[in-house]
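The topological domain 'Cytoplasmic' annotation in Swiss-Prot covers 1-39, 93-96, 159-183 and rests on sequence analysis. The phosphoserine annotation in Swiss-Prot covers Ser3. For 40-60, 72-92, 97-117, 138-158, the entry in Swiss-Prot reads transmembrane segment. Residues annotated as topological domain 'Lumenal' in Swiss-Prot, with sequence analysis given as evidence: 61-71, 118-137.
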Amino acid sequence: MASRAGPRAAGTDGSDFQHRERVAMHYQMSVTLKYEIKKLIYVHLVIWLLLVAKMSVGHLRLLSHDQVAMPYQWEYPYLLSIVPSVLGLLSFPRNNISYLVLSMISMGLFSIAPLIYGSMEMFPAAQQLYRHGKAYRFLFGFSAVSVMYLVLVLAVQVHAWQLYYSKKLLDSWFTSTQEKKRK
């Protein structure tokens, strides 16, 4: 295609798309945050499955109590922490704000609250282990309170990041819906 400006008309060489074809920032952010939350949900699922396995072995007495101790009380309500993760996953396909809000609220109730209770429940045993070097519950030869505190710290971090990213995703979705209402 020839023109007076030269062999090719200006703007037809493919360089004119940069000012037109851009994905809105809140859509880019939504995709990124969904991916991060999914990764955290999968890490939470691994923690949850390990906890279920430990509790099953303890209750079914598949191994002696010298190897696997009975579960702490905080572990039972923590089993419900799978509910917020499922609600979070259900909110992703259609950007369902109500499921995401339910996920965030139930995460505080079913995930964070049992972890706080667990840290308080295990504190006397951890204090005794630190001061006197005596442990009464064991998990494959290790002090159960030490192992469970490591799990607890990891779970707190996973849920805190999950809440943080969920809040940012919620803000991103609100931006998107506000722009649609203006049009």
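FYI, residue positions are counted from 1 along the chain as it appears here.
Glycine is treated like the rest: Cβ placed from N, Cα and C.
Stretch with the most C-beta contacts under 8 angstroms to the transmembrane segment (138-158), considering only 40-60, 72-92, 97-117: 40-60. Long-range neighbours of the topological domain 'Lumenal' (118-137) within the same chain, counting only residues 6 or more positions beyond its ends whose Cβ lies under 8 Å from a Cβ of the stretch, are 69-70, 72-75, 78, 143-146, 148-149, 152.
Sequence-distant contacts of the topological domain 'Lumenal' (61-71), counting only residues of its own chain at least 6 positions beyond either end whose CB sits under 8 Å from a CB of the stretch, comprise 54-55, 137-141, 144. Within the model, the topological domain 'Cytoplasmic' (93-96) carries an average pLDDT of 93.
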